Amino acid sequence: MKFIVKLFPEIMMKSKPVRMRFTKMLETNIRNVLKKVDESAKVKREWDKIMVLVPSDRPDLVEAFADRLSCIPGIAHVLQVNESTFESVDDIYQQTLALYKEQLVGKTFCVRVKRVGNHDFKSIEVERYVGGGLNQFTEATGVKLKNPDMTINLEIDRENLYLVVNRIQGLGGYPMATQEDVLSLISGGFDSGVSSYQFIKRGSRTHYCFFNLGGDQHEIGVKQVAYHLWQKYGESHKVKFISVPFDPVVTEILEKIDNGQMGVILKRMMMRTAARLADKMGIQALVTGEAMGQVSSQTLTNLNVIDRCTEQLILRPLIAMDKQDIINLSRKIGTEDFSKSIPEYCGVISQKPTVKAVLSKIEAEEQKFSDDLIERVLETAEIIDIREIATSMDTKITETETVGDVNSNEVIIDVRAPEEEEKDPLKLEGIEIKTIPFFKLATQFADLDKAKTYLLYCDRGVMSKLQALYLQEQGYENVKVYRP
C-alpha cells in the first residue's frame, strides 16, 4: 500500500528553486509527523508528488497515516493506492476489474486516467477500454461521465500502475516553516484559535502568547487549545507557549485609567508586551483574532490607535469574517468545544467604551502607568516548549494523583475525542469505563456520583492531565489521572 501526496496547487506555480525548497520541506514535515506514528515510515520525494510507503506487514498503519497526512499543511490531497506493474492495456483492465467489480454493483461510473511516461497508448484510450470492459462485465448500471455514483481513478507512471482506493482531502496551504514565524495572541476563544490555525495552514510556525486574566483555570483551558492546534496541524516543528500574568496591568488600568479608554489601552499594553517578546524571539509579526466591529475596541479607528503602540506588524486574518463563519471553522478544526468550555475573562469592563479613540488622549492616559510596568510583567512571563505542557502538568499533579492500577470504587473516564475512542476502545475486565470526551467533561462531571473516584485516561496523558487540573481548580477532589 502506498500514499501519493499531491502538492497544493500554489506550490506547483512557484519557480523551480522555490518549488524544490517547498517540496523538500514538505517531505521533511511528513517524515517528522509519520515517524511519531511508526519509525518504519518511508517517505520519498519526486518532482510533482511525494510517495509514502506503508510496510506490507503493517496494514494497521494505513488509517493512522491517512489521518495524519490529511492535517499536514501543503498537501492538496492524498491518494491511497494499490501499486503494481502492467504488461498491456488489457492487463490494466483486468486488475481494475478485480478491485472494483463488487463496488460497482448498481452504480453509474466513469474512469479517469492520468499518465506519465512514454507508452503506445493514450490516456483516453485506457479510459475507453477499461470503462467499456467494466460496463460489459460488471453489474454496474452504466457509464455516466458527469456526476457518476463512482469515479475510478487510475494513475500510470511509466511501468507502474496505481489503482486509487481512496482519495483523502488535504489541508492545503504551504508547508510548515516555508514562511516566517508569527506570535499568535491566544485567549482560548473561537477567534484566536481560528486565526492561529490559518497561519499554521499558511506555512508559518505559530508560537502562542497568552495573557492570563483568569488564573490557573483559564491557563489550563488555553493550553488545551494551543496543544490541540499544534498536535493536529503543526506537530512537525517545535513552537513556544508563553504565559504572561497580566494582573499588574489590569490593576493599574482599573485604578488609574479613564473608564471609557480602558479597553483600547488594555489591547495596546498587550501589543507592546507581545512585541517585546516577539523581538526577543526574532519573530516578525503578531497575529490576533480581531474582526472589524465585533466589539467596541475593534472599530477601524480603535484598531488604528492600537496599532500605533508598536512598530511590529500586526496581522488580523479574521478582520472581515462573520462570527458564525468563525465558529463554523472552529468546529471544523476541532477547537469549538474547547472554546465553549472556557469562560469569557474580561479584565476590564468599560461602562461606556469609546468606539472612536483619540490617539493623543490615549497616550496621555498611558502616562499614568508605572514606568517599569511592562518590565515587571515580562520578568514573570513563562516561556516553554509546547511539548513540555505535559511535563509542566506533571509538576502540578502529584504521584498519588497519577495511578496505574484501578480499585473497585474507581471509575475510568476515557476523555479522548469520539473518533479516537472508536478506533481503539479502552477495555479492562471488571472495570467500569465511561466515555466522556474532554470537551464535555467540564459540564458533565458535576452529574456523576460524588462517592466515587474518577480516573481520567487518554493516549498520551496530556489531555487527561489538563482536564484533571481543570476539575481540581473547580474544587473536585475525586479525580486522578490513569496511566497504565
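Yeah, the Cβs are placed from backbone N, Cα and C, and that goes for glycine too.
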Swiss-Prot ATP site partner of Leu185, Ile186, Lys267, Gly289, selected from Gln169, Gln298: Gln298
For the domain 'Rhodanese' (406-484), residues assigned helix / strand / coil by DSSP: 28 helix, 17 strand, 34 coil
Neighbour-count leader, CB within 10 A, binding-site residues: Leu185, Ile186: Ile186
Residue pair Cys458 (disulfide bond), Ile186 (ATP binding site) - Cα distance, angstrom, rounded: 24
DSSP-derived class (H/G/I helix, E/B strand, else coil) of Leu185 (ATP binding site): strand
Residue counts (helix, strand, coil, in that order) that DSSP gives for the domain 'THUMP' (63-167): 34 helix, 38 strand, 33 coil
Span of Leu185, Ile186, Lys267, Gly289, Gln298 around ATP - largest C-alpha separation, Å: 16
DSSP state at Lys267 (ATP binding site), helix/strand/coil: helix
Local Cβ density at Lys267 (ATP binding site) - other Cβ atoms counted within 10 Å: 22
